[in-house]
Amino acid sequence: MATQAKRPRVAGPVDGGDLDPVACFLSWCRRVGLELSPKVSERAGGRRTRGGARAALTSPPAQVAVSRQGTVAGYGMVARESVQAGELLFVVPRAALLSQHTCSIGGLLERERVALQSQSGWVPLLLALLHELQAPASRWRPYFALWPELGRLEHPMFWPEEERRCLLQGTGVPEAVEKDLANIRSEYQSIVLPFMEAHPDLFSLRVRSLELYHQLVALVMAYSFQEPLEEEEDEKEPNSPVMVPAADILNHLANHNANLEYSANCLRMVATQPIPKGHEIFNTYGQMANWQLIHMYGFVEPYPDNTDDTADIQMVTVREAALQGTKTEAERHLVYERWDFLCKLEMVGEEGAFVIGREEVLTEEELTTTLKVLCMPAEEFRELKDQDGGGDDKREEGSLTITNIPKLKASWRQLLQNSVLLTLQTYATDLKTDQGLLSNKEVYAKLSWREQQALQVRYGQKMILHQLLELTS
């Protein structure tokens, strides 16, 4: 799915009149058997329901509150009493999930599943949302009331193109957004709009909008959940995304204190560490670098809080660095020959990247092999190529743990250093400039929210790259 964390939830896409959206949501939770804490239920008034997910409980949920108070952004959940690791926070019955299977047009979507296939795999869920949003009797209307206002989502796909490129140049976000926008337009024009036009009784004119479709894609990107496959199912297609009421209220933190568990009849949010009274409950969306967080969820974790942050070195940048070290046409030809060999080994690609974390190289095998092949003597490369890559399989022991990078061969370190320098040139600002903005609280406070978020992305990446520069010197 999804610190200013999630965007401020100012007004939902469904008009709820003067009713308290939290009270309405909690009342809805009781009706559908979504088990929250007793104190949450008491705040909303009324009796706690029986049945539903309650049968799945082995102990009552810990006492938590849905609130805007004490959260990093918008609605969140706060522990009203101390919570111990392993305690149950809430249970969501599968019948309360909003998906292509549980929506009121699930039968139609199932019959048309072949026609609705797409690159993203999200079209059926998005059509379910488009229908339920405009259906007066939708059973999820109280849930929609806690959604963020769709017109105020802060994903970079909604930023003006010039602002996006100016603030996020070099981070990889503008390129990812351009691909998203192209795919969204293509899916909408070729699949979604024709389907809605073929069923005008199910989709009113007001939901036949590319703008609304953009917004719902961003919402699904930030708030949906995708159930992981079991180990024996690894060969299957990934599960379709679903909307999980209550679970999507939680904000994200790398150092999270809760985790969503899946079972046959329900989904359970369980504390993974002690949570003191009054502290916010945080879920995790996985190990996400800041550029991924802002791209998919519209927020970042301020430096140095995101321990999962990474920086990318484009694979073609390493090739460019290797070419810069050549002096003759024969040497250039040999670099391309080595690169083609790496492509054949599926170690590199024109759009791939080597991913560097604060303490490890996440693409260790790919980078090790690339440095080895590009730097080995010509005769050794000929022998390796003649063996079709099946020669000496010994790995450089411990070669690309961050602390062992200084122990790499000098030629490897030089190529890696030159690649880092080329990567740093892709940013519009240098580390010193960004450092000055971050260290001056008055200047930082005057930046717009987007400028602050983009600065955090750039700075985190540059710190990793500069660490790599020092280690390769």
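Yeah, the Cβs are placed from backbone N, Cα and C, and that goes for glycine too.
Source: prediction; values computed, not measured.
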Candidate set LYS6, LYS39, LYS409, LYS432, annotation N6-methylated lysine, source Swiss-Prot, matching residue: LYS39
Record-annotated N6-methylated lysine (source Swiss-Prot) among candidates LYS179, LYS327, LYS407, LYS462: LYS179
Nearest of the recorded positions (LYS179, SER224, GLN226, TYR262, LYS372) to TYR297 (S-adenosyl-L-methionine binding site), judged by Cα-Cα distance: SER224
Densest Cβ neighbourhood among SER224, GLN226, ASN251 (binding-site residues), 10 Å radius: ASN251
Number of other Cβ atoms within 10 Å of the Cβ of LYS179 (N6-methylated lysine) across all protein chains: 11
TYR262 (substrate binding site) in three-state DSSP notation: strand
